[in-house]
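Participant: Can you read through this structure? Questions will come right after.
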Amino acid sequence: MADQGNNAIPLPSVVVESSVLTFGCNDDGQLGRGEKKKPTGTSIEGVTSSNQPQQVGALRGLDIVMISCGSRHTVALSTTGDVYTWGWGQMGQLGLEHHKSINLPTKVPFFEHHNIKLTYVSAGGCHSGAITDQGQVYMWGEAHWGQLGLTADFKELHQATPVLCKVIPENSTDKIVSLSCGGTHTVALSGMFAQTPSIPSIFVTSRFSGISVAQGHVYTWGRRDNGQLGLGREWFHLEIETDGVSAFTPTRIEPEAFGLEDVVQVSAGAFHTAAVTASGAVYTWGKEDYGMLGVGHTADIHVPRKVDFFDKDPARIVSCGGWHTVVVTRTGAAYVFGRGEYGRLGLGDGRSHSHPHKVESLTAHTIVDASAGGTHTLFLTDKGRAFSCGRTEYVAEHHPCTCMMWIWE
């Protein structure tokens with residue numbers, strides 16, 4: 001389970017008796033098993049955890065098609081368009097109309113009561129978001145940094161009920177097609193639906209199969225002091241609500257200014273953001289610590305900057321973690337950069353890297369997806385085999401090792 005939320009992992013569209021498996025820290029019930037299991041032996045920093053993937057029984061038979069792990073909570077989406085949440089809830093990030101923590105997956109009642117069907121979910125640091133089948137965005141959870149995209153005078157800092165976030169201007173024909181909740185900011189991608197979206201059509205083989213995102217535009221909101229919104233340093237002339245540290249109004253990153261055109265995928269990390277274009281180019285921006293932007297050690301970058309490395313091997317997917325980034329290319333290779341502590345880069349040691357490095361131990365496999373967590377990384381092959389590296393319960397795994405979770409043949 002990712003311990004820094006920002007990346008949703010869609011599952012296959014044809015789900016037969018789908019199983020949800022969780023593992024990792026369970027201090028707040030974020031594994032969804034109804035109890036906090038104590039590990040045998042000495043755990044890191046005394047946390048309760050599970051180092052073996054186990055099925056979430058409460059979700060059995062619900063045909064879950066998408067999962068997103070936040071910092072201390074989890075969000076899941078079913079084929080029926082319903083959303084389930086569990087874990088730490090004191091910031092309202094579960095959307096259950098209270099501020100309690102929940103150990104078992106619980107359906108968010110708001111959407112059922114209003115007959116709203118969802119097609120996408122994302123869990124962030126202490127906030128969550130979802131996209132409806134009409135391309136609208138709903139947000140809930142912590143609002144202190146403007147990460148819910150509401151007005152500056154919005155008084156509820158811990159919003160426990162989903163609220164509509166107006167991302168797209170009313171006169172636009174665009175719809176929001178994907179969403180990524182970072183640590184204290186949010187990034188969304190707009191596009192044009194080729195047809196009315198349905199959950200099975202969206203999750204066919206990859207993250208955005210079945211969706212046309214021609215002329216995809218990037219919108220950001222929330223905390224911006226490290227440049228994670230990509231709006232530049234001198235942006236107070238823009239017609240957005242701000243307190244100088246955060247932007248409360250979703251704002252489009254102008255593609256003409258930074259070359260960020262035809263974006264097909266976005267990812268928000270704890271303090272940085274990344275995007276992939278239709279041509280396979282990778283852009284990063286935000287806090288520059290440990291080389292997690294992939295452009296060498298620099299100061300924080302406040303506007304999208306192209307990672308030239310991927311000109312020779314175009315990217316398909318990018319995932320931003322707490323302090324590192326992973327990119328999957330069209331050739332099925334995995335590249336990593338950023339903080340290397342705990343072996344989260346999978347390069348065989350704990351060193352940090354400011355430029356992309358190929359995960360050589362995975363060259364025998366075709367990687368189709370990857371997710372960067374707070375201190376670990378997961379890779380998925382075309383054969384349905386999962387590999388992981390990084391911080392474990394007792395040791396740091398420097399090389400990707402097979403996760404005995406599932407194998408799709």
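Cβ coordinates come from backbone N, Cα and C, glycine included.
All TrEMBL annotations are machine predictions without curation.
Per TrEMBL, the feature repeat 'RCC1' maps to 18-80, 81-134, 135-192, 216-279, 280-331, 332-383. The annotation domain 'RCC1-like' is assigned in TrEMBL to 20-393. Annotation source TrEMBL lists region 'Disordered' at 27-50. If you look up TrEMBL, you'll see 40-50 marked as compositional bias 'Polar residues'.
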Participant: For the repeat 'RCC1' (216-279), I need the partner stretch with the highest count of C-beta pairs below 8 angstroms, choosing only from 81-134, 135-192, 332-383.
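Facilitator: The listed stretch sharing the most Cβ pairs with the repeat 'RCC1' (216-279) is 135-192.
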Participant: Along the domain 'RCC1-like' (20-393), what average pLDDT does this model show?
Facilitator: 88
Participant: What are the DSSP helix/strand/coil residue counts across the repeat 'RCC1' (280-331)?
Facilitator: 4 helix, 23 strand, 25 coil
Participant: In the repeat 'RCC1' (332-383), how many residues does DSSP assign to helix, to strand and to coil?
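Facilitator: Result for the repeat 'RCC1' (332-383), in helix, strand, coil order: 6 helix, 23 strand, 23 coil.
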Participant: Tell me the residue counts in helix, strand and coil for the repeat 'RCC1' (216-279), as DSSP assigns them.
Facilitator: 4 helix, 26 strand, 34 coil
